[in-house]
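*Asks:* Take this structure, written in structure tokens, and hold onto it; I'll ask about it next.
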Amino acid sequence: MEQPTARQPFLERTIYQTGSQPSDIVVKTYFPTASVPGGAMSNILDCIPIGEQVDFQGPTGRIVYQGQGNFEIEGKQNTFRKISLVLGGSGITPGYALIARVVATADEDVEVRVVDSNKTEKDVLLREQLDHFERTSGGRVRIAHVLSHPKESWGGFRGHVEGRIIKESLFPPENDSVAFLCGPPGMIQKAALPALREWGYVEDENLFGF
């Protein structure tokens, strides 16, 4: 594994013992620079000595997936069978959990479309698992990766998340469609939200942030 620098996030995938069963946990440390403070929680974890214990609690949140396209969102029951996700960087986390649940429970009437934005191909978290979900879902899961700094050989989307990419990759705002967002504030506020609103998605009705 490469030695991290101030400009290079450091990815560590470690098996931790949680209760009676081991769990696989991915930690991506965003180190501070002169212009950004870095990741709050990831830098704390990075400083903890090997062998120390960390207590985790959860999962918690205002969006709960109950299976078969059923969600509880802020205490209200909703059913969406066409799920669109716009995710960026480590914002893949809640989207990954949702995709894994859809695939694991074989929700045949539920489809997921994903736009996942990163700088380089190396920065795509959980790439192997995401590819596996896509291959084994029978077409119910489709993932479009967007890279802002790709290699010349990259065959996917280049640049940043924009309306064209969203419309080509995600579900239109129909009665059984929903869009969930998680990622850097700039991507969400300046690109994803305006594009989805213009397309016809409505916040707190079929458009939510994780």
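A Cβ is built for glycine as well, from the same backbone N, Cα and C atoms used for every other residue.
Pulled from TrEMBL, these are the listed features:
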- VAL26, LYS28, PHE31, MET41, SER42, THR93: FAD binding site (BINDING)
- 85-191: domain 'Oxidoreductase FAD/NAD(P)-binding' (DOMAIN)
*Asks:* What are the DSSP helix, strand and coil residue counts for the domain 'Oxidoreductase FAD/NAD(P)-binding' (85-191)?
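*Replies:* Each residue of the domain 'Oxidoreductase FAD/NAD(P)-binding' (85-191) counted once, the result is 43 helix, 27 strand, 37 coil.
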*Asks:* Counting other Cβ atoms within 10 Å of each residue's Cβ, which of the binding-site residues VAL26, MET41 comes out lowest?
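*Replies:* Result for the binding-site residues VAL26, MET41: minimum number of other Cβ atoms within 10 Å at MET41.
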*Asks:* So among the binding-site residues SER42, THR93, who's got the most Cβ atoms within 10 Å?
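*Replies:* It comes out as SER42.
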*Asks:* Summarise the model confidence on the domain 'Oxidoreductase FAD/NAD(P)-binding' (85-191) as a single mean pLDDT, whole number.
*Replies:* 95
